[in-house]
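Working notes for the structure below.
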Amino acid sequence: MCYCGSEREAQACCLPFIAGQKQPDSAEQLMRSRYSAYCLKDTGYIHRTYAQSKRAENSEASISAFAEHATFVGLEVIQCSESPEHQFVEFKATYLDGSTCITMHERSRFLREDDQWRYLDGELFACPEKKISRNDPCPCQSGKKFKKCHG
Ligand SMILES: [Zn+2]
Ligand SMILES: [Zn+2]
């Protein structure tokens, strides 16, 4: 099953985008594939799907430094919308950094560039961080205790 939580096979969902075999048709598909690329720690894909104007400030090294520490355990797409120039995707992406569980709630803005969807920027909403104890249910929703799963 795909990392992005679509309940489709990865090969029929995000992987062909990450492998460069297909282009996402919508900002939502791009956003999902960028999430999956974080799960796979494919920082090259994350970097090249930034809008050109954002690539310098989001270097591959800084993406790597973040991806090293973050284990993504869940994605929830809340809603998608569009304006004449952009598409927007609001989502919650949950990751673990050690035993801290962080939910990133963002409304991302995407644009078309070189005939492809690219990530421009996003508005972040405050989300509390949670410390997970060894006996708590794992935030990846496997149904196992944290210590037996991602702990
Ligand atoms: Zn997917
Ligand atoms: Zn887990």
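Yeah, the Cβs are placed from backbone N, Cα and C, and that goes for glycine too.
According to TrEMBL, the protein has these features:
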DOMAIN    26-122  domain 'YchJ-like middle NTF2-like'
Over the domain 'YchJ-like middle NTF2-like' (26-122), what is the model's mean pLDDT? 97
Across the domain 'YchJ-like middle NTF2-like' (26-122), DSSP labelling yields 33 helix, 45 strand, 19 coil
